[in-house]
């Protein structure tokens with residue numbers, strides 16, 4: 001159960017406060033007029049409109065996955081309701097003024113990302129390749145230590161022989177010291193986290209913004225030494241969008257995409273798409289498959305229970 005202190009931390013933001021006031025001010029005076037006025041100018045259509053607003057708000061309260069999603073949708077409902085009522089009662093001019101104020105507020109005070117407690121790691125492409133996919137960057141191989149060839153002239157042949165012997169002894173000792181130091185700096189075999197849950201997101205995606213609170217809750221509940229949660233912006237690292245077949249078009253339904261990795265390999269994905277088993281047909285998906293995947297992208301439930309069930313997080317969490 002989310003505490004009131006956490007809700008204040010997440011929702012007591014200027015976006016939610018200012019936009020809610022802007023959307024609800026007209027509704028408050030309208031409801032007051034409906035309840036306490038004896039005027040006969042109140043129509044049944046106006047009463048039904050208020051009832052519809054209440055019913056939609058209650059329905060969304062039951063369907064919302066996070067407090068941020070509920071707050072943003074209620075703000076949208078109230079502003080759209082006010083917009084329609086102003087147009088109905090006061091005409092086009094005041095409606096345009098209200099719409100202009102709506103646009104200005106949305107520009108100056110955009111909806112913030114999740115503000116509460118979380119254990120989600122923000123990943124760069126390098127960290128994603130190394131920690132999640134376990135691909136090490138290729139570095140230049142240092143020169144190999146070995147015996148040195150010393151040119152000896154006739155003038156210092158005798159002294160050179162002694163110098164060569166001393167140099168060989170010194171080189172051997174140096175190599176032994178390097179080997180000993182190398183042993184102390186050996187990379188442990190268990191340096192990697194076995195499981196990673198990674199969200200691919202974009203800053204402009206409202207669905208990603210609302211889903212982050214769900215992933216944050218899961219990260220607090222399931223994070224352990226062998227399982228971590230991360231996120232990476234595919235607008236910044238576009239190669240990953242192409243690699244995992246994610247469209248960055250604002251009209252697409254690919255975001256957010258959630259990936260589960262085990263030992264560097266992807267084993268599950270949300271939304272679950274139809275796999276192609278034949279290499280010759282990878283680029284020739286049928287119309288039925290394409291339609292099915294589109295419906296899956298649109299309709300997959302972004303609830304915590306869906307992620308837990310699809311990724312078997314309860315089972316993974318108790319692994320040793």
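Placement of Cβ uses the backbone N, Cα and C atoms for every residue, glycine included.
Per TrEMBL, the features are as follows:
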| type | residues | note |
| --- | --- | --- |
| COMPBIAS | 159-176 | compositional bias 'Low complexity' |
| DOMAIN | 193-269 | domain 'Thioredoxin' |
| REGION | 132-185 | region 'Disordered' |
| TRANSMEM | 15-35 | transmembrane segment |
| TRANSMEM | 70-88 | transmembrane segment |
| TRANSMEM | 95-114 | transmembrane segment |
Problem set entry | Outside the transmembrane segment (15-35), six or more residues from its ends: residues with CB under 8 Å to it | 42, 46-47, 50, 53, 71-72, 74-75, 77-79, 81-82, 85-86, 101-102, 105-106, 109-112
Problem set entry | Positions whose Cβ lies under 8 angstroms from the transmembrane segment (70-88), at least six residues beyond its ends | 11, 16, 19-20, 22-27, 30, 46, 49, 53, 56-57, 60-61, 64, 94-95, 98-99, 102, 111, 206, 210
For this session: Could you tell me how many residues in the domain 'Thioredoxin' (193-269) are helical, how many are strand and how many are coil under DSSP?
Result: 23 helix, 26 strand, 28 coil
For this session: Express the predicted model's confidence over the domain 'Thioredoxin' (193-269) as a mean pLDDT, rounded to an integer.
Result: 93
